[in-house]
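Enquirer: This is the structure I have questions about; it appears just below.
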Amino acid sequence: EEAIFLRKKITLLRAFSLLIGSMVGSGIFISPKGVLKNSGSVGFSLVVWFSCGLLSMFGALCYAELGTRITKSGGHYIYILETLGPLPSFLFLWAEFFAIRPANSAVVSLAFGRYMLEPFFAPCAAPVPAVKLVSLLGYYMVLTLNSWSVTWSARLQTALSVVKLLALALIIVPGMMLLAQGHTENFQDAFDRQSLVLDKLPLAFYAGMFAYSGWFQTSFVREELVKPERNIPLAVIVSVITVIVGYMLTVSYYTVLGTQDVLASPAVAVSFVQRAFKSLISVVPVLVALSCFGTMNGGIFTFSRTLFVASREGQWPPLFSMIHIRRHTPLPAVMLMFPLVTAMVCIGDIYHLLNFFSFSRWLFIGLATLGLIVHRCRHPELRSPFKVPLFVPVSFTIICLFTVAMSFYSDPVNISIGCTMVLSGFPVYYLIIHRQIFLPFFYTLSDYLTHKLQLLLEVVQQEIKTY
């Protein structure tokens, strides 16, 4: 009886929670190992952490301006489409669906499973099959919730954001206390140049930027934000500063864990608590697991909007631009990631997956901020309510693309796989989107399946334009 469309249910607090909940997730509890391994020493790893935070702030400010200039949801996809054209936007969509997003979701899911089971098996490592089973169960719970209600997904994100900050505090405060007591032995020779390998630095940045990744999440749900012109910049700036401060204070890890301890640990936060405060051994891993749970929730919530918008723009099957008639959720778009994430969790390893998807992600983020520069040149008459100095998008774009190019020397196998995945979208684009070479049988089958699935899922096209 009422119009079917995505409601504006994301307030400033929920936008802030979405950003905090997406950034403070598995990254800070996984990435210290990757950053340290590829930077070579404690001192250089801290430099990488701060540099990644500064770079994230630059990117977040660029996306805040794009979010006030372009009024559609969809994040990277819609920004690249509106500024650079349909081919690069489709290549992003192709890589995002088949590589970036499922690999990212699998990394976070595996971290959730590992930390959830770690207290039950300590001091031994949790069995890999058990970790993968719990990882999948957690992912399916979040998938079900996002299919059921936008409001409850947002409320869960707000609650888990508090849990995430509590988990950080339980590591930072005891660590700072130990540091104040003089436990600085692991900071001796912090900047050991002999252990620094320059061609591995891009991988250190990938691990660090993975921990900060999530600062772009409000751009995916722009049409569902209340007062987006004000709330996007405000939520972005406050959340990124909060996370930079929190992450720099997690230097607390090194008060009790040496370089070799961090590199040998499958779950750094658990190892820290085992050494420092055994009374918290059963609490912190659960908080970290809940933190990862919130990151999974934010990822599903936002990426489903990318598929929704791409379908609405004609670059994805029409079924995925449909909304459930009672729940007002983009149900088909939410459910689409289910098989790929399941496969990657079953066969994947966290650190190989991390390098695999980071190449594609930062390539397209760099293209999106390049698109901001192009958009400014094409539309000088457009007065954006939020505008950053030109050197911010220019420097961010150069750093992103330079890091992507350098990564071919650091990890040629995984990066080549990611590059091949992106390039495989070329023939698909020209055959299906550009030339529209279809067989009549394919048309008939597609229409038939869309109609049947529409009846089964109880979904219809959006009835009100929200941008």
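Along the chain as shown, residues are numbered 1 onward.
In case you wondered, yes, glycine gets a Cβ from its N, Cα and C as well.
Small disclaimer: the values here were computed from a predicted structure and weren't measured.
The transmembrane segment annotation in TrEMBL covers 12-30, 42-64, 76-100, 120-142, 162-183, 203-221, 233-256, 276-296, 331-353, 359-376, 388-409, 415-433.
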Enquirer: Cβ under 8 Å, sequence separation of at least 6 from the ends of the transmembrane segment (42-64): give me the contacting residues as numbers and ranges.
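Expert: Residues 32, 35-36, 79, 186-187, 190-192, 196, 201, 204-205, 208-209, 211-213, 215-216, 218-219, 232-233, 236-237, 240-241, 243-244, 247-248, 251, 254, 259, 365, 368-369, 372, 386, 388, 392-393, 395-396, 399-400.
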Enquirer: Return the stretch with the most CB pairs under 8 A relative to the transmembrane segment (359-376), choosing among 76-100, 162-183, 203-221, 233-256, 415-433.
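Expert: By Cβ pairs under 8 Å, 76-100 leads among 76-100, 162-183, 203-221, 233-256, 415-433.
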Enquirer: Which one, 162-183, 203-221, 388-409, 415-433, has the most C-beta pairs under 8 Å toward the transmembrane segment (233-256)?
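Expert: The stretch I would name here is 162-183.
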Enquirer: Please indicate, using numbers and ranges, the residues of the same chain that are 6 or more beyond the transmembrane segment (203-221) and have a C-beta under 8 Å from a C-beta there.
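Expert: 10, 15, 18-19, 21-23, 25, 27-28, 30-31, 33-35, 37-39, 44-45, 48-49, 51-53, 55-57, 59-60, 63, 66-67, 73-76, 79, 104, 107, 228, 231-232, 235-236, 239-240, 243, 247, 295, 298, 301-303, 305-306, 354-355, 358-359, 361-362, 365, 403, 407, 410-411.
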Enquirer: With pairs restricted to those 6 or more apart in sequence, evaluate whether the transmembrane segment (415-433) and the transmembrane segment (76-100) have 3+ C-beta pairs under 8 Å.
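Expert: Result for the transmembrane segment (415-433) with the transmembrane segment (76-100) is yes.
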Enquirer: Do any residues, 6 or more residues outside the transmembrane segment (76-100), come within under 8 Å Cβ-to-Cβ of it, and if so which ones?
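Expert: Those are 63, 66, 70, 216, 219, 303, 306-307, 309-310, 313, 315-316, 336-337, 340, 356-357, 360-361, 364-365, 367-368, 370-372, 374-375, 378, 418, 421-422, 424-426, 428-429, 433-434, in sequence order.
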